[in-house]
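Novice: For reference, TrEMBL lists these features for the protein:
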DOMAIN    61-151  domain 'Endoplasmic reticulum vesicle transporter N-terminal'
TRANSMEM  76-95  transmembrane segment
DOMAIN    164-325  domain 'Endoplasmic reticulum vesicle transporter C-terminal'
TRANSMEM  303-324  transmembrane segment
Amino acid sequence: MEKQYRLPSPDAKDCRVSGLARSCPLRLPRLLTGLLASAGVGSLKTEQHRSETVPLCPRNRFDIYRKVPKDLTQPTYTGAIISICCCVFILFLFLSELTGFLTTEVVNELYVDDPDKDSGGKIDVSLNISLPNLHCELVGLDIQDEMGRHEVGHIDNSMKIPLNGGAGCRFEGQFSINKVPGNFHVSTHSATAQPQNPDMTHVIHKLSFGDTLQVQNVHGAFNALGGADRLTSNPLASHDYILKIVPTVYEDKSGKQQYSYQYTVANKEYVAYSHTGRIIPAIWFRYDLSPITVKYTERRQPLYRFITTICAIIGGTFTVAGILDSCIFTASEAWKKIQLGKMH
């Protein structure tokens, strides 16, 4: 008579799977060996194995990431799809954050102060202007301000280049002005003999204040009048440019500061008369300083913030993907049970 062997189910208390050890008696292999021997399948030599448990190291008890044997897990098709999408999404966000981390950001702020206190109360000015219908011997630069400065025919650090065979002139000059309201103007006031009808049509190539910022990521009005063309205006008209100068500071990542000035401009064109007749035209630049300073600062995202963001991306994505996968798996298992119930 054939013997039937019944495999006892291991007690839950005796068979536990932990992160580092299995404390379960090895009953199943011995029972299978006994079955094969009683069935007459050859002469099997079995070795008695004692039920041994691997003791847990005391410090291993603090492991909160317990490992589950791969045999106890079940891979699914939907889980594979979600895993692939999850990895692609994490890679995309990681590259985006890495690009932002490596890119230097320029932030600006406003405050009331004089940033360049070491300048001695002076502002450097660079002017480049062409007057195609006025001889160079007639062109001059005059400077005056509210501190009593009145300079006619400024010639220091200036250069006159003849244009159109000597009929015109290009004036280039560097000079300084005080940090008080005032004006400087291009005129014929310094000429020995005043012309009857000076033609003040002009093109402004450059007008800047302070240092030239060697940066590409700041687009300010540092040369707002650059390219201003007044060649088609009334030859006998004066031109008034009203400038509002704004102190500007640029600080790079190393902390080095550059000082410059932006400005806004409004202009008007007019023919002036007095009780003695028409006033000799000129090109006026009237300026005033703003008490507000604009500061640009180069900043890069801190390393700790970048690491925190990456951890949040990875952890959050895996958590959401795990929840989604669990919901899909639970729903599919429930649907299978419903289908099996209908079949029976």
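Note that Cβ sites are derived from N, Cα and C of the backbone, with glycine treated the same way.
Model, not experiment: these values are computed from the prediction.
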Novice: Do any residues of this chain, six or more beyond the ends of the transmembrane segment (76-95), have a C-beta under 8 angstroms from a C-beta of it, and if so which?
Specialist: 310, 313-314, 317-318, 321, 324-325, 328-329, 332
Novice: Do you know the mean pLDDT across the domain 'Endoplasmic reticulum vesicle transporter N-terminal' (61-151)?
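Specialist: PLDDT averaged over the stretch: 87.
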